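Feature list (source: Swiss-Prot):
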BINDING   GLY11, ALA12, GLY13, LYS14, SER15, THR16, ARG117, ARG153  ATP binding site
BINDING   SER15  Mg(2+) binding site
BINDING   ASP33, ARG57, GLY79, ARG136  substrate binding site
Amino acid sequence: MVNLILVGPMGAGKSTIGRLLAKELHLAFKDSDKEIEQRCGANIPWIFDVEGEVGFREREQAMLTELCAADGMVIATGGGAVMRDGNRQVLRAGGRVVYLHASVEHQIARTARDRNRPLLQKPNPGQILRDLMALRDPLYREIADVVVETDERPPRLVVQEILERLRKLPPR
């Protein structure tokens, strides 16, 4: 089976929905950020502190290339994975891409107390999320086969909508 690749902003529910999708479809689930942390033996904030965002993005690109080369997985990506052209090409070629859209207001609510998000550990995280969304939303849409709204929706309903929408797509 082709991979299902979840893209979207932080706080959209990629990991939660990805696990549920994988269970429903009897597929393996991989979270690219968690895979990077396991390989490095360090968390994302530490990698950002030591290697900077560029160093982290290099690791991310290598991980996405590896994960997308396999088949039959649900893959949750980091929110910034779409920023590199090479990543977008890998993701697009690596399977069906589902953009989990969340409004900035919901992103703020879902990430407010999460200290594991280096890009938000600055003054005015709400403005940071607005700026990131303005930059990334067109890139998520560029590679998405399906766009699904996650605001005010239980994860199981989002999973059902994803499955219904994917069934309606022509085969690749």
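Glycine residues also receive a Cβ, built from the backbone N, Cα and C atoms like all the rest.
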GLY11 (ATP binding site): nearby binding-site residues from ARG57, GLY79, ARG136, Cα cut-off 10 Å: GLY79
THR16 (ATP binding site): secondary structure state under DSSP, collapsed to three categories: helix
Distance [Cα-Cα, Å, rounded] between SER15 (ATP binding site) and ASP33 (substrate binding site): 10
In sequence order, the binding-site residues (ASP33, GLY79, ARG136) whose C-alpha falls within 10 A of LYS14 (ATP binding site): GLY79
Annotated substrate contacts ASP33, ARG57, GLY79, ARG136, maximal Cα-Cα distance (Å, integer): 18
Cβ within 8 Å of the mean position of the Cβ atoms of ASP33, ARG57, GLY79, ARG136: remaining residues of the chain near substrate: MET10, GLU60, THR77, GLY78, GLY80, ALA81, VAL82, MET83
Residue among the binding-site residues LYS14, ARG136 whose Cβ has the most other Cβ atoms within 10 Å: LYS14
Count of other CB atoms lying within 10 Å of the CB belonging to ARG57 (substrate binding site): 17
Neighbour count (Cβ, 10 Å) for THR16 (ATP binding site): 16
Neighbour tally for ARG153 (ATP binding site), based on other Cβ positions within 10 Å of its Cβ: 15
